[in-house]
Every structure is written in structure tokens, then in C-alpha cells.
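Student: Take a look at the following structure, please.
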Amino acid sequence: MNVIIKAVVTASTLLMVSFSSFETSAQSPLLKEQIESIVIGKKATVGVAVWGPDDLEPLLINPFEKFPMQSVFKLHLAMLVLHQVDQGKLDLNQTVIVNRAKVLQNTWAPIMKAYQGDEFSVPVQQLLQYSVSHSDNVACDLLFELVGGPAALHDYIQSMGIKETAVVANEAQMHADDQVQYQNWTSMKGAAEILKKFEQKTQLSETSQALLWKWMVETTTGPERLKGLLPAGTVVAHKTGTSGIKAGKTAATNDLGIILLPDGRPLLVAVFVKDSAESSRTNEAIIAQVAQTAYQFELKKLSALSPN
């Protein structure tokens, strides 16, 4: 069966989630039902991908919807930059000149507070760290300039065989027009596929893979999302994406990542909350509850396999 969770406008203008069909993988229908119970009734369109270590395919909820990625695309961008480093086209130690007056203004950019002066130099490795771990928008756009812009990133994603993901704009372009964010989209299948490509360690050198893993584990944004309800100390390598709020609606509250189970195996989870009329706290709680549910589901499978 196929699962589509759709937000529909009621007479009171509230967006309510309804279920018309279901798409599942070989995973237990129980996990699907548990996730449904989390998202039903929420004033949002919610997409979910869960790919357990024993699954040949991911469980997908709302698989045909296009979700704005927002800063989630910084994962894809980091993979492209590191890929070019592996090819010898870029060097992690090469520096980029940053002119304070010429970069995107009035945006989330902690790197601009870390440096003094009207102009300064930043190594590519530090731009990557700020872009991934801190979701820095200025660092992101400087990296885009190095690799050839959004079109180059789109082509790289397609070259990996990920067809249900598109990138057409950088941070500055999204800031100029909030509707542009919807053109940087992914399906939940695309979200699952980028995580799988990274988890399989087939796209990057060992050194680059280790660096990106470290930066994702050190992510400072979205602590109440995938990580929010997991046991303390659980290793989660993830990347968030967040839009602004306009007319009471949040276009994107996202998180996708790799959660390490107690036995060290990877659990891949992506949760995207689109066009939500819920509070930011509720949007993040949806993500946390889905991650917790998927994690506990895998723990029960492990427990069932353990000798008494």
C-alpha cells in the first residue's frame, strides 16, 4: 500500500493531516502505524523516511511530496566540496578572502563574529565546519562559489543517482525571495538516498568521510529534533534545515541523519515538516518523536534476537 499524509484546508482554515494511502517497505506495519499516530491531526505536511540496518528499502511516509530542504542541502554541498578535495581540485587548507561588506547580510552567520576586520581569510576546512556544524549561511554561499554554484551541486546530486532532489538557489537567493526555497526540494526517497550514500562510504575518501561525520555529529542546531528524545550519549550525525515563519506558517522544519544503535549499526531517519501552522516546539517534537519511535523499534528487534 502507499501512504500519503496530506494537509488540507478546513472551513476554519486549519491544515489537518489526513491519510489516503500508504507506502511501506519490508519494515513492520507496526512502525508505520506508530509514526502515523505521531503526525495525524497536525496542521502540517509531514514527510518521513526510516531506513533500518536490516532493511533493503526505506519506509517512506508522504513519498510523493516535494519538501523544501532549506539548510539540509549543506550536507549535499559539503559532500561535493570534499569530493573536489579528493579529486585535487580544492585543498582544505586553501583560503578564501571574505569581504564583510560583500557577503549576505542580516543572516545566520556565526563565522562573521569569529573574525575581525572588514576583510579576512578563512580556510576551506573551516568554511565546511561552520556550514555543516553551525549551518552558517555565509560559509555556505562561499563554498557554493568554489564549486560552481547551485547548478554544479544539482549535477553532482544527480550523478550519484539521486533523482528526486533539486538545487537551484543558494542562501542569498532564498533570502531574496522566500518562495525560492520550494525550488530547493527533495522527496523523502531523495532524503533517504543521500543518507544511504553517505553511510555506505562510497562517495568520499576515508579522510573526507571522517571529517564530514565529525562535523555532523558536532552539529549545534536542532538539539530538540532527531536527538531530542534519544538516550543521552546516543551518537547522531545529522543536518537540520529551518525556514522563517510567515503569516503564521513555517515552510520547513527538517532534520535528517544517521543514528547509531547500541550495537553500532546505523539507523537512517529523515523527518521534514512542511507548511506548518503548528508552533516551532510542536514541529520539533514531531521530529523527535519519530526518531524515538524508530530507535525504540530497532531496540526491540535487537532484544528479540538476544539470547535469554
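Positions of Cβ are set from backbone N, Cα and C atoms, glycine also.
Small disclaimer: the values here were computed from a predicted structure and weren't measured.
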Student: Can you match one of SER37, SER135, SER208 to the beta-lactam site that Swiss-Prot gives for LYS74, GLU171?
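Tutor: Beta-lactam site check in Swiss-Prot: besides LYS74, GLU171, the record includes SER135 out of SER37, SER135, SER208.
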Student: Reported as an integer number of Å, what is the Cα distance between GLU171 (beta-lactam binding site) and SER71 (active site, nucleophile)?
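Tutor: Cα-Cα distance, GLU171 (beta-lactam binding site) to SER71 (active site, nucleophile): 8 Å.
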Student: Rounded to the nearest angstrom, how far is the Cα of SER71 (active site, nucleophile) from the Cα of SER135 (beta-lactam binding site)?
Tutor: 7
Student: So, three-state DSSP: helix, strand or coil for SER135 (beta-lactam binding site)?
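Tutor: In three-state terms, SER135 (beta-lactam binding site) counts as coil.
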Student: Beyond the listed site residues LYS74, SER135, GLU171, identify every same-chain residue whose Cβ lies within 8 Å of the center of their Cβ atoms for the beta-lactam site.
Tutor: GLN70, SER71, PHE73, LEU77, TRP108, SER131, ASP136, ASN137, ALA139, CYS140, GLY241
